[in-house]
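Pulled from TrEMBL:
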type	residues	note
TRANSMEM	7-28	transmembrane segment
TRANSMEM	40-61	transmembrane segment
TRANSMEM	73-92	transmembrane segment
TRANSMEM	98-120	transmembrane segment
TRANSMEM	132-151	transmembrane segment
TRANSMEM	157-177	transmembrane segment
TRANSMEM	204-219	transmembrane segment
TRANSMEM	225-243	transmembrane segment
TRANSMEM	250-270	transmembrane segment
Amino acid sequence: MLFLKKILNFYINSSIHVALAVFSFVRITELYFDLPYNESFGFFAFFGTITGYNFVKYAGVAKLHHRSLTKNLKIIQIFSLICFLLMCFYAWELPFKTLLFLSPLAILTLLYAVPFLSGFQKNLRNISHLKIIVVALVWAGFTVLLPVYNVGKSFSITIYLLVIQRFLLVIVLILPFDIRDLQFDAISLQTLPQKIGVEKTKKAGFVLLAFCLFLEFLITPNSSFRSVFLIVFFLALFLLMRASIRQSKYYSAVWVESLPIVWWLLLLGFDNFL
């Protein structure tokens, strides 16, 4: 049991789970717009997410404690290096135009982690209200615009609607994390739960989810896609409403971040069996 718990903790702490969520979002975009599956881009997204997230999470920690890194952190560093090399390998197989299109999102991710403001003391993560916007913007751009651009498909109003829906949905998925971190986040961050409280945050999340559901009917005429999204809507609402400050360790990190994976698997199930 202890061994399984260690495996689960590594799976979460090394960002494999969040990378699967991003990969699932990419595959969902491909299904919605009937894009050909691009193995190189899929693996680039997966390994790039692990590299980016672990850089954001552990760069500062490693800098402060480089002489006394815990065994687990050292393992994650080695794992992240391997993922970085794999990311570079798959990036080499992508068109140069895709990498150029990616560069603003990569710069945002870098500035999210690296202090460059107030005498190099602050990064985008530390600026009031910006944290959730930057994360949602990067996820939406990376999982909707980039896979579409990579295959040379022109942007349409439907694609922009999916970007908006993805942006809002990611914000909703971040809210349980912000509720969990309410007791730890600095007041200067001004997260939504800090500004308006937990209950009003949940109500705001419900409004955003309802708008996402409305957008779904504009994005696709496919009844199977709509039915699956309705399930996703209720799952997201359930997870949001049950979120609390004293939630379990795995509530947000596992269950909330599983939603894109569940969405993708449901789409595959509906596509294969209905």
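Glycine is treated like the rest: Cβ placed from N, Cα and C.
Model, not experiment: these values are computed from the prediction.
Residues 25, 29, 32-33, 132, 135-137, 139-141, 143-145, 148, 192-193, 201-202, 204-205, 208-209, 211-212, 215-216, 218-220, 236, 239-240, 243, 247, 251-252, 256-257, 259 of the same chain lie 6+ residues outside the transmembrane segment (157-177) yet bring a C-beta within less than 8 angstroms of a C-beta in it.
Counted over residue pairs 6 or more apart, the CB atoms of the transmembrane segment (250-270) and the transmembrane segment (7-28) come under 8 Å in at least three pairs, which marks the two as touching.
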